[in-house]
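The block underneath contains the structure these notes are about, expressed in structure tokens.
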């Protein structure tokens with residue numbers, strides 16, 4: 001005999017199902033469930049008097065020797081990923097996602113994809129949202145607190161460069177030379193996050209860059225503050241092609257070594273990741289945004305200019321002066337800073353993101369951006385664009401799935417593809433490391449509930465440890481057991497070049513973390529950017545007005561006075 005529940009009651013018990021939508025935070029974005037792997041009436045729910053008990057939803061006989069038995073089940077999760085928005089149980093074993101579907105006891109339940117046994121832990125995610133851990137490709141390694149601040153907004157992987165608050169690191173995302181690369185690899189070995197380091201891409205000989213890749217750098221960064229010259233770019237790209245590592249560039253704002261067209265020529269059709277492609281963070285003034293229309297260029301943004309608000313322009317000038325070691329008493333330094341801040345290109349940047357012409361969102365952490373705001377700014381921008389541009393094609397009332405999948409890809413799968421780590425992380429897919437972020441829908445985009453690294457709870461909202469329950473105040477994000485001891489080494493990854501990996505860099509310098517090589521970075525095009533592969537035929541920036549035109553049509557938007565996911569979430 002069946003038991004009937006109305007839709008609202010079912011959602012309260014088991015989470016949304018097909019036909020339901022979930023509002024994301026206080027935005028006007030709604031995620032509609034596209035598929036539900038649940039068998040109604042046989043949901044795997046944990047708790048007193050519930051299903052996941054011995055001999056019911058939990059197998060009474062299967063041991064962990066059975067590879068179908070998982071270490072952790074995340075039950076009833078609403079998964080938001082570039083691959084889709086679905087409702088499913090997630091099975092984790094040995095730190096990786098081994099199944100997405102339906103978990104339980106095959107002796108008592110139908111259509112079970114993986115087994116819950118005596119060795120299985122349960123995380124109840126009914127009514128909660130699960131995303132892949134965020135990846136920030138543009139981090140200045142200035143403060144050792146960056147990983148924790150990133151985790152506070154769901155960032156689990158950091159790529160960038162630096163050695164601490166040295167002036168070179170304050171300005172550029174480069175870790176220069178074997179000594180610094182070695183020491184920084186050792187420094188982050190006990191930090192609960194994934195890391196990759198970018199070499200300094202300068203010089204008229206390839207050897208000066210090659211030695212850094214051999215030392216363990218996972219990519220190369222050419223930056224104007226060290227000189228973004230034709231020779232430096234060309235030689236860095238030669239090394240990137242030889243060793244299969246990513247190449248990123250912060251181009252020449254002053255146009256001293258050449259103009260945008262000269263830099264484009266230096267690329268020679270090779271794959272390039274352009275940082276802050278709008279230009280306020282740096283790059284050819286005023287027309288770096290032209291790069292967003294090139295097939296061989298993978299363009300990213302930094303979060304200080306996203307979304308475009310009434311206060312955005314005001315803070316940018318001071319940021320540039322401090323970040324790039326400029327002197328307000330020198331008129332030329334002030335002119336340099338002013339040349340980079342253009343409200344017209346900032347306005348166009350929002351729209352290009354919404355079109356899918358800008359593929360990646362990053363922070364530029366501590367050097368004009370905030371590592372703890374990558375995810376939040378991404379969803380604020382999506383919300384602003386829905387309000388100003390309306391639904392994307394294929395979206396409808398209470399269904400913004402196309403826009404949601406486009407924006408989640410900007411800080412998960414696309415940065416993973418760009419830096420050659422998509423085989424390991426970047427999406428909620430079977431076979432990848434279980435770097436997962438669990439959100440309450442009301443807090444989505446602002447404050448995670450739990451963060452898993454390599455299948456282990458590492459950060460999360462936790463109450464007073466001296467209380468009788470985990471819920472009493474103050475409930476704040478705190479480190480959990482995965483952030484301590486040898487667990488850090490077993491659940492986090494250091495990414496290096498294939499050369500360094502093959503030549504035993506882990507043993508050579510005494511690393512304890514998982515060490516993995518980056519790969520498949522050199523034959524990428526804009527078409528490889530998931531749901532963000534639009535390459536306009538022509539992008540033109542008027543040199544006098546700085547207005548942006550795509551195929552001769554003006555591209556702009558208005559600044560907003562208030563954003564979603566802002567003050568009501570951060571009272572202090």
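In case you wondered, yes, glycine gets a Cβ from its N, Cα and C as well.
The Ni(2+) 2 site recorded in Swiss-Prot comprises 221, 276 together with one of 180, 250, namely 250. The candidate list 364, 383, 395 contains one residue that Swiss-Prot assigns to the Ni(2+) 1 site with 138, 140, 221, namely 364. When the alpha carbons of residue 364 (Ni(2+) 1 binding site) and residue 223 (substrate binding site) are compared, the span between them is 13 angstrom. Comparing Cβ neighbour counts within 10 Å across the binding-site residues 221, 250, the minimum falls on 250. Taking residue 276 (Ni(2+) 2 binding site) as the reference point, none of the recorded positions 140, 221, 223, 324 has a C-alpha atom within 10 Å of its C-alpha. For residue 221 (Ni(2+) 1 binding site) paired with residue 250 (Ni(2+) 2 binding site), the C-alpha to C-alpha distance reads 8 Å. When secondary structure is read from DSSP and collapsed to three states, residue 138 (Ni(2+) 1 binding site) falls in the strand class.
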